[in-house]
Structures are given as structure tokens and as C-alpha cells.
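I have placed the structure first, in the form of C-alpha cells, so that the comments after it can refer back to it.
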Amino acid sequence: MDSILRLTSILTWLLSGLWHVGLTATNYNCDDPLASFLSPVAYSSSSDITGSTSSAQLNWRMGTGGWSPADSSAHQWLQLDLGNRVEITAVATQGRYGSADWVTSYHLMFSDTGHNWQQYKQENSIWTFAGNLNADSVVHHKLLHSVRARFIRFVPMEWNRNGNIGMRVEVYGCSYKSDVADFDGQSSLLYRFSQKTMSTLKDVISLKFKSMQGDGVLFHGEGQRGDHITLELQNGRLVLYLNLDDKKAWLSSITPSAILGSLLDDQHWHSVFLERVGKQVNFTVDRNTQHFWTKGETEVLDIDYELSFGGIPVPSKPGTFVKKNFHGCIENLYYNGVNIIDLAKRRKHQIYSGNVTFSCSEPQIVPITFVNSRSSYLFLPGTPQIDGLSVSFQFRTWNEDGLLLSTELSEGSGTLLLILESGTLRLLIKKVTGHGTESLTGRSLNDGRWHSVSINVRRNRVTLTVDNDAVSLAPETSGLQIYSGNSYYFGGCPDNLTVSQCLNPIKAFQGCMRLIFIDNQPKDLISVQQGSLGNFSDLHIDLCSIKDRCLPNYCEHGGHCTQTWTSFYCNCSDTGYTGATCHNSIYEQSCEIYRHRGNKAGFFYVDSDGSGPLGPLQVYCNVTEDKIWMTVQHTITELTQVQGSNSEKPYAMTLNYGGSMEQLEALIDGSEHCEQEVTYRCRRAHLFNTQDEAPFTWWIGRSNERHPYWGGYVPGVQQCGCGLEESCQEIASNTGFLSSKDHLPVTQIIITNSNRTNSEAAWRIGPLRCYGDRHFWNAVSFSTEASYLHFSAFHVEFSADISFFFKTTALSGIFLENLGIKGFLRLEMSSPSEVIFAIDVGNSPIELLVQSPYPLNDNQWHYIQAERNIKETLLQVDNLPKNKREVSDQSNFLLQLSSQLFIGGTSSRQKGFLGCIRSLHLNGQKIDLEERAKITPGVRPGCPGHCSSYGRNCHNGGKCVEKHNGYSCDCTNSPFEGPFCQKEMSALFYSGTSVTYMFQEPYPVAKNTSLSSSAIYKDTAPSKEIVTLSFITAQAPALLLYLKFSPQSFLAILLSRNGSLQIHYQLSKVESHVFTVGSENLANRRVHEVNMNRNGQELSIQVDQQLFSYNFSPEVEFQTVRSLILGKVTETLVLNPEVTQANTLGFVGCLSSVQYNHIAPLKAALRHASIAPVTVQGTLTESSCGSMVESYANGVTTVYSSSDPFGNTDEHEPLTNAIQSDSAFIGGVIAIVTFIAFGVIGIMTHFLYQHKQSHHTNPMKEKEYPENLDSSFRNDIDLQNTVSDCKREYFI
């Protein structure tokens, strides 16, 4: 059996090869002149200056010397009857001899019958041929696609402005032989096999067909085991069903293998080519090809008994068919090299035919096309004053709206209108009195298919029939008296008519009509064309020029295509792409770019190839670290145990990352580093066989290859990383990282040694993690105008998008250029403020200009995005408005570039670009500029100076640091951290929390601070002081910040009893300055920002949005800072009563973004406590002040006191979020401390009162104290008395 299959496949291959050779031979040297020997009667035209068509052969000089119409206007044509169907490969034209008459451009049309013409198209557009520039020269055109027809028409489009239309023509080609079969819709051909079953590994089926209807079976075959192959027309499209040895199913329930073509019921020839090799199938209709893999269990197609063509007959029931039969003609039908129609014509025994004839009978149907939605119409006369009315026709269109018919009825009956509205037919009869009646029927009638419409009015009964579905008007029409009028306007109304003669409440119809009957009489539309019947405007007669603009579908990435008569539109919803053709991704290409655009950490979609074919993939971007990690999670994240596996029954688990391998590979290739953590734990289930070193366990990587090495070790070595480093803590456990990008990601793990007694294994594969974008900072520098980089030609064709960054100081320069045989593409900076995108697809160049209001040669990075698709061309610079231009419908949109792509210059080495270009993308493809620059003179890899453009991204005092592949933000001198110094450093303080920063030589983290910041380390007092902080609290009084100058002098920022902000400057034992800033209670559970700036004797204080200013007197002298304290001051110092009271309770709340000049003490305590001169006492918890605001917002607002700083009066309702447990503890501590404090204060008050009384009764020259009074308490008393006597208080 195998030998028979092999022999059958060889014969099929040979026969199909011979068939292709035969076709090639037919086209070989097919360039004979076909018009030279035609008789004059073979020429016809729309009109002629002599009254009868003159001979118009090439080089003809007799008579009028060629053809000229009686009137040089649109819709003139010259027609040739070539006698039989021939193959036309070229044409040539001249002007009329001895005259100023010639045609400068023209269209070609062809037909088999002299009716139902077809326009010559190239690249899916009506092709315009360039004509002559004088009367004598010959212009020759080789057709890109040969044409098979009997009749050919030359349709002048433009001609000599100083003359008229004049043509002499020649047609080149050769004879065309074919075998044709005509199917009447009730017959079929059967090809019986010599054996019961035909088994094939390869099939080749080819044919051409011309259909009279939109549905019908072209061929069908099936086998008893479920194999089947069926090709049929459905709604004007070809549907292929193909299945190999699968379970048998009814055809109605089978999903089509492929659907191709559209509008295939246009009565024109269409070619089909189907090739199958095993499960791989190539399916071509006309010039559209679809490649796919068929379903089934084998690669052999088994067909039993026969193949049927034209229908599917029911066995044992002659004349009965399963589905609708094909009605039309089939030509040159080949099945695996066998000419089926030739066998039928010769009545070979393999062929059984029904009522099939072998010539193509075609009805003489004349279609018309309404071209213009404003001015197209057709006027046809009718027979007036008939009691009743009858009109019928067929139409097809893509437009939802349009006027189909308008006629003024006789005897004052009113006006009858038939309108297409939102794809539904609306019949409206308007009476002269204003009353009327209407009916709606049909839906989606703008689907491009032919639809039949009939209006019949008889004996006051109005019936509207659409596609055999009849509907009658409402009962009130029984009183209507309707009499036919004498004029019928189809499609629209002329401008010169009165309203009553033709009504058009909607735009004119754009589409095709045919088979028009009025009063049951067919209308001769050729007579309309010749001017002997009716009238028309903007019509194509004897031609239906409908075009399916959604085939092929130019909406990319799964966009849904919809269309009108003149254009198509792409619905990009839920695709992840945008633009006129869904070409541009709405997602960024890496986490690096998301970070660069200011996004925070979270889940994002990353589209690694931008506008390329790969879709977006969801990842997690951790943008809070210096290295931006991109994480792709898979479906199995937990430690998984395995038991009972062996070499015969291995354990295998596949990991699903939620995307294709191509998406993952693109993500990995575009990253600088990738890794996956792997963990393997085992008991009596080894990784490797110690005898022959064969692996017991391995994993599968990206290339579907086995890898026996494990975490931390180099690829190709069967060992674990901890074994290499001799750092294994457990013999039965290994954890490490896989970091070979060529092998990642891990797609499968195999374990074969966990079936021994008491043996088990456990594994865990971590997510795929990558950092770095290899292309975002990929840059080159061009140093001379003659330097450039060159790459292979830019393959664009239908869509082209270009994007890159540039910076320069030059006045002009070309960014890139690519030339073709006819067209080109160029992007350049034409002046310091102008960028031009020029493109030519072969007809005429288009230039888009963007003018910038600012100079582009400022040595800053600027972004350019240019795009050209079949709908529009656009250019954008930075965030300036886009310059966009729609592409003309008739234009040639296929851009073919043949030369090399030049970056930074041109092949002429002139007008080159001086500066830097980076992150160049062409149609989503990332161009590695740096690698090419390494071997190119005059071009250097990399480009310094990123901080000049992106330094503004370093916030809150962060310093921009240059890197080869970008920049980073140094947050050393900032109270913030993170990639852009935007993450606030904040912490929760409790009543006993104290953070002390000692000023001395800078700690190692701050070694690179500027010279201006070094003043705070000297013994001299700083001339400037800047203090910034944010806080949230519900406690008052509260000490926020304390700066110690000496034991007796300090600066304190606190909240007073009423919650207002106070600044205390204690500059000596006797000199104090107190500033009360506003009266607002800031202990209100909200975040407040304080910014204090002292410059010399000037002091400014900003609280939130309010700014206050003050000037110190000139004699005030400031001192050197020794330490800075946040929270409670724990050491024994001389404090005034307000500071003492605020310090007694400490600070309970959240402090963030604390900075004194260039020192960030809170950040030092949280991040560098081991190396910075900072000491932390009590509990300091890193937190977020923002989360506390949310906690407060979710809680109950109550009145609070100093004993309850967070304001919880309801002891049964804890604080929400992260501070619930902490707040309970804090509240208890505060209550105890407050009780003790008030007790101490009470005792002190009592003692001082007694002491004061004795002091007044016994005056002393010097202060005297009891001998048993503690010395520290004496200092407190001194401080209080001094402050009471010398304090200066300011209210601002």
C-alpha cells in the first residue's frame, strides 16, 4: 500500500509539474500583434468624427489617421473585437496622424461578450496607463497581469489640452485555448476512480469559473473514514472544507478550513489553485493566497469512488443533490494533472455527466454603476396614467443610505420614494396633501450582494418584495388612488428639476443596478448609453465597478474591516492597536519605557515588536528599583512534589506563560539580562546518575532542547551552582538562577527518578525576570556629513512606520533615505525648526512638513514618528500636532524600495546628518545601530549627554548621572529615593522615638556631595538654612524637628497646643525668637508640608500653599549646627517651656521627606543607619504617610485630646489599615506618659509656688536653692526664668 501511495504521489507531482510547464509555454513569446490584421468592422467606439468608426491601427495614416470622437469629453471609448478569446499581454498607443489629437492617460477594459465590462486593475486598484506626448511616438506598456478576453476597450482619461482625443492602438498577445463546461444549476460531472479508494499524499486542483449566482458547489469528494474535500460558493465567497481521516461529520456542522474571495458572482472569470502536501495547504483565489494546516489524524486524503464537480449528487437518487448546485461556467479543470473537462468532452468512461454543455452560455445582462453620491442619476420614461404601477430591479452596494427610486405619480397621486436607510428599504408614498404611508423591509442590504426589489400597485394594494420576501403597506392604503407617472429617477435627482418632479431626502445612491423593469417591460440600458433613451449623469453603463475594499483585509492585528462605496474603515477595539489600519501598538515595548514615561510599578502590557506581528504580553514592571525588572509569571508558582516517576513513566510538567514562544523570545532578546530561579529538593531522587552521569531530571528551554544543568551553574555542565561554589547547605536541596538568555524560558521540567522507596522530589520554577532595554538607548553619533549607516532595503509595501530620537546642533540634515525603481522614502530636517517626510509610491511625491515653534537643533533629544499606510500619511515631531494627509483612493499604494536603506545620510554623501540618532524602529523592528557603527568609519557607537534632555526627570534634588546606555538619578542628597527620586522616605514615630543625626565629616554614602553642602560640617555657622519636611499627626503639642547649636541654643519646629506651627530660634541663653505661623490647626490627620528657608537675615516659611516672610535684625548671629533630632529629644538640654511641653509627649505620627540643607536624616536612619552618623532610639517603622491619610479617611472623625493623639474616642473601634495594632499600643503608652507628666507638672507647680513665695518674702542678691534640689532641675528653673524675662515672640 505504501508503494502505491508513493507512486501515486510521484505521478501527481510529475503531472502537476507538466501542467505548470504547459502554462508557462502558453505565455512564452506571447507578444504577437493582434490588431494589425483586423477588419474595420472590428473597431467600434462611443462616437466618431466621421460618423462611423475609423480604423485605428498603430501607424495608420490613411483617412482621418486614427480615431477621434465627435466630442472630446468623458465617457468616450474605442473598442476592438479580437474575434475570439485571446491572451493579451501588452498594448501600445499613438495619437491621430497629422494632428494635435492624442491621449495622455487612459484606462483599459475587457470583456468576453462585449457587455458586463471589467476594468484592468493592478495592485488592486484601477490602473491608469500613461499615454502619448505627441501624435507620432509609440508608447508601449507590458501588462503586469495578462488578460484573457475577446473584446478590449481604451477609455481616454486625459488628452492634449490644445487638441482633442485621438488614438491609434495595438494589442499584443497570443491565442488562448481552453476547455469549458457550462453548468445550468441542475447538473454535475462525476469523475469515477478506477479503484474503490483514491489515496493521495499530495493533491493539486486548479480551475477557473464564472458564476451566475452567489451559491453553489464547485467540487466535492469524501471517504468512509471521514476524509472529505469540498469547495463551494457561499454568498459570493469561496469556502473550502478539508479534513483528513477524522470522525465523520455532516457538512453543515463542519467549520470551514478556509474562506477566500468576495463578489465572485460578478459573472467574470476567477481562478482557483489548491495545493496540498500532507497537512499543509496553499489555497489561492485570484491573487489572494491563504496558507494553513488541515485537521486530521493522517497526512493521506482517502476519497471513495468518485469526485463530483458542480454539485453533490445523492447516491441512488438521480437528479437529487445535497446542496445547491453551481450555475455558471468552469474552465480548464485539472485534478492532479487530469483534464476533467477534456475527458468529459471525449466521453471517456471515467466521466459521468448530467446536463452539461461545453461552451459558456452567458446572458446579456447590462449593469450600471452610480459613481457619485451627489450627482449620479438615471432617468427612464414610463407610461403615464396607468391604474397601478410596477417597477423591479436588482441592486448591490456597500453604502447604508441612498435614494433608489423617485417617481411623481399622475392625477395628483403624490410621489413614490424607495430609499435605502441604514441598510433597510423604506417605501414612502407622499400625498400632495402632505399625508402618506410607508413600509420598511429587509436588513443589511448594504452587504455587497445582489438584491432583488419589486414594487407592485394594483387595485389600491401596494406590495414591496425584497429577495422574494413580500410585505404589504398598512391597511390605510386601501383608500389610495395611485396612477403611474411618466418619469422614473433611479439613484438620484438632477439639479435642474423642481421638487415635485424628483424628491431626494437623502444622498444619492452609490452602487450597481441591473435588470430594470418598468410596467413589466425591460429597459435597454445600451440605448441609454447611446442617447436614444432617457438620460443619465455620472454613470458607468455596462459595467459594475463594485470593489471589496476589505479583501484583502488591510486592517492589521485582527482589526475588523467595514466599508462604504469609496473607502474602508478599521475597528481596532480590543486589539491593543490603534491608527487608521490598527498598525500602531497602544502599549510600550518594555518596562524601561514605562518607567521613562513616569509610570509606577504594576501590571502592564508590553509589545516587544511594536507594530510587528507579535501581540502584547502582560508583565509586571517593578519600577521602584534602580534596575527595572520585568516579570512574566507562569501558571505553576508553588513548590510541587513528585513521586512515582521513572524512565518508562517520567513526570513532565509544561509551564504556560500566557503568551507564545515568539513573544517570550522577543522579550528576552530585547533585554540586557534575564533569569529564572529554580529550586529542586529531593530525597532518594537524584538529579544525576553518578555512574554514567546521565541526567535523571532536566528541563526544556526555548529551542525545545534538553538542559541538565541547574541553578547558578554554566550551561552544558551537569552540576548545581551550590556544588560549584561548595556552598550547599543541604545535600538534598538546590536553589539558584538560570541566566542563559539563549535557553530561557523554562517551558517544561522532566523528572524520572522518584519511584524508589521513601523517595520524593519537589521543584519550583520561578517567574521569568528580565531587566534592561537593549534598544531604547541604542544610539550612534554621526561626525561628518559624508558618514552614514546602510542596511538592507526597507520592506514596507502596504504599511511603513518609522520612529527614532535625535539630537543635533546642525542646521539641517537627512535622517534616512531609501530609494526604489519608481518611488522613494526620505526623512530630513530641512531647517532648525522644520522636519519633512517625503514619500513617492510611483505616481507623485507627497511631502509632509511639521514646523516646530522651538528650535530642534538645541542639542536636546527630540522624537520623530512617521507613518504611511494605504489610508493616510502622517508625521509627528515630539508632542506637536500631527500633520496628516489622506491617501487618494485611486493612488498606487504599494511602496517598493529596492536600494539599501541609508541612515544619517544618502548614497551621494551629501546633506548628511550631524548629531545622534537612537532607538530607531522600522515597522516595529529594532535596528541595532551601535553594532553597525562599530565597523563604519565616521560613525561612533553611543551618544553622550542624556542628562541635558532627561535631567528634569530627576526630581526632589536628585542629580542626573550620565551612563553609556542612558542615565540614572543619584538620590544621595535627596530625601526621596527610587529611579527618579520620587519615592518619599517616611516613617511612623511613637512617643519614645528619637532619631539623632550628628554633623561631622560626610558618611560614605554622601561623599560626592557638592562643595556648597560642606559648610554644614565646618565650625562656622551656615549662611543658609533650608529645612523641608512633611508630617501627619493628630497630636498637639508635638515636636517635629530639633536642631542643636549648643546646650543652650537650638532651632525647634513644633506644633503648639492649638495645633498651629511654631518656629523657635534660641540663639543664646537670653535671646529667643518665636514665630507662630498662622492659626490653622495642623494636627488634623492630614499631610502638611513645611518649607523653611533662611538666607542670611531673611527668613521665609511656607506651610502647604501659604508663604510667610520675616527679617532678623542685623545684630542676630547664627551658630553652627551640631546635631539634628527628629521626634523626642532624649538628652538633657536647656529648653523653653513650649519646647519642653512639646518634647514631653514626643512626636506620634508620620514624618516624611525630611531634609536639612543637603542632609536627609530620616533617609539616613532608614537606609544607611550602619554607616551614617545617625542614632535611632525607640521604635521607628518605615511606612507611608499617604496610607495613614487613607486610614484616617476610612475611620470615624472625632474630637481628640493630647491623651489620644489619633482621636479614637470609641475604644471598641480600632484604627484601619496598617497602623491598627500600633495605634492601640501608642495610645496606651501616651496615656501613661501623659498621666505621669501631669503628675510631675503638678508637683513642680506646687514646689515652685512655695519657692516663689519664699523668694518674695526673703529677697536675695543671688539665687539660692535648697541643698537637696537636683542640679539638672536647677538648670531647668534657670532656663524658665531666663526665657520669661528675655523672650521675644513674633506672630506672623
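Backbone N, Cα and C define each Cβ position, glycine as well.
The feature signal peptide is assigned by Swiss-Prot to 1-24.
What Swiss-Prot records for 25-174 is domain 'F5/8 type C', and it gives sequence analysis as the kind of evidence. The DSSP breakdown of the domain 'F5/8 type C' (25-174), given as helix, strand and coil counts, is 6 helix, 71 strand, 73 coil.
Look at Swiss-Prot and you will find 25-1223 tagged as topological domain 'Extracellular', backed by sequence analysis.
If you look up Swiss-Prot, you'll see 180-360 marked as domain 'Laminin G-like 1'.
In sequence order, Phe273, Leu274, Glu275, Arg276, Thr289, Gln290, His291 are the residues of the chain that are 6 or more apart from Asn282 (N-linked glycosylation site) and have a CB within less than 8 Å of its CB. What Swiss-Prot lists as N-linked glycosylation site is Asn282 (among others).
Summarising the annotation, Swiss-Prot assigns disulfide bond to Cys329-Cys360 (among others). For Cys360 (disulfide bond), the count of additional Cβ atoms within 10 Å of its Cβ stands at 18 [all protein chains shown].
Mean pLDDT for the domain 'Laminin G-like 2' (367-544) in the predicted structure: 88. Per Swiss-Prot, the feature domain 'Laminin G-like 2' maps to 367-544.
Annotation source Swiss-Prot lists N-linked glycosylation site at Asn496 (among others), citing sequence analysis. The Cβ neighbour count for Asn496 (N-linked glycosylation site), using a 10 Å radius over every protein chain in view, is 6.
The Cβ of Cys544 (disulfide bond) has 24 neighbouring Cβ atoms from other residues within 10 Å, across all protein chains displayed. Residues or ranges marked as disulfide bond by Swiss-Prot on the basis of similarity to another entry: Cys512-Cys544 (among others).
According to Swiss-Prot, the domain 'EGF-like 1' annotation covers 546-583, on the basis of sequence analysis.
Taking a C-beta cut-off of under 8 angstroms and a sequence separation of 6 or more, Cys561 (disulfide bond) has the following same-chain neighbours: Arg549, Cys550, Asn553, Tyr554, Cys555, Phe568, Tyr569, Cys570, Asn571. The disulfide bond annotation in Swiss-Prot covers Cys550-Cys561 (among others) and is backed by similarity to another entry.
DSSP assigns Cys570 (disulfide bond) to a strand in the three-state reduction. A 10 Å cutoff on Cβ-Cβ distances gives Cys570 (disulfide bond) a total of 25 other Cβ atoms nearby, all chains included. Annotated disulfide bond per Swiss-Prot: Cys555-Cys570 (among others), in sequence order.
All protein chains considered, the CB of Asn571 (N-linked glycosylation site) has 12 other CB atoms within 10 Å. Among the features that Swiss-Prot reports, N-linked glycosylation site is placed at Asn571 (among others).
Look at Cys582 (disulfide bond): DSSP puts it in coil. In this view, Cys582 (disulfide bond) is surrounded by 25 other Cβ atoms within 10 Å of its Cβ, with every protein chain counted. Residues or ranges marked as disulfide bond in Swiss-Prot: Cys572-Cys582 (among others).
Annotated domain 'Fibrinogen C-terminal' per Swiss-Prot: 584-777, in sequence order.
The N-linked glycosylation site annotation in Swiss-Prot covers Asn622 (among others) and is backed by sequence analysis. A sphere of 10 angstroms centred on the C-beta of Asn622 (N-linked glycosylation site) encloses 18 other C-beta atoms.
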Inset, instruction - Anything within 10 Å of Cys969 (disulfide bond)? Look among the recorded positions Cys329, Asn496, Cys943, Cys960, Cys1185, comparing CA atoms, and list what you find. - result: Cys960
Inset, instruction - Give the helix, strand or coil assignment DSSP yields for Cys947 (disulfide bond). - result: helix
Inset, instruction - Could you check which of the disulfide-bonded residues (Cys512, Cys916, Cys981) sits closest to Cys329 (disulfide bond), going Cα to Cα? - result: Cys512
Legend entry - Contact between the domain 'F5/8 type C' (25-174) and the domain 'Fibrinogen C-terminal' (584-777) (3 or more Cβ pairs under 8 Å, separation 6+): no
Legend entry - Candidates 180-360, 367-544, 546-583; stretch with most C-beta pairs under 8 Å toward the domain 'Laminin G-like 3' (778-943): 546-583
Legend entry - When distances run from the Cα of Cys360 (disulfide bond) to each of the recorded positions Asn496, Cys512, Cys947, Cys960, Cys1185, the nearest one: Cys512
Legend entry - Closest of Cys512, Cys544, Cys947, Cys960, Cys1185 to Cys981 (disulfide bond), Cα positions, disulfide-bonded residues only: Cys960
Legend entry - Nearest of the recorded positions (Cys582, Asn622, Cys916, Cys947) to Cys1150 (disulfide bond), judged by Cα-Cα distance: Asn622
Inset, instruction - Work out the three-state DSSP category of Cys960 (disulfide bond). - result: strand
Inset, instruction - Determine the minimum-neighbour residue: among Cys329, Cys947, Cys969, Cys1185, listed as disulfide-bonded residues, which Cβ has the fewest other Cβ atoms within 10 angstroms? - result: Cys947
Legend entry - Count of other CB atoms lying within 10 Å of the CB belonging to Cys954 (disulfide bond): 23
Inset, instruction - Sort out for me which one of Cys550, Cys916, Cys960, Cys971, Cys1150 has the most neighbouring CB atoms within 10 A, since those are the disulfide-bonded residues we care about. - result: Cys971
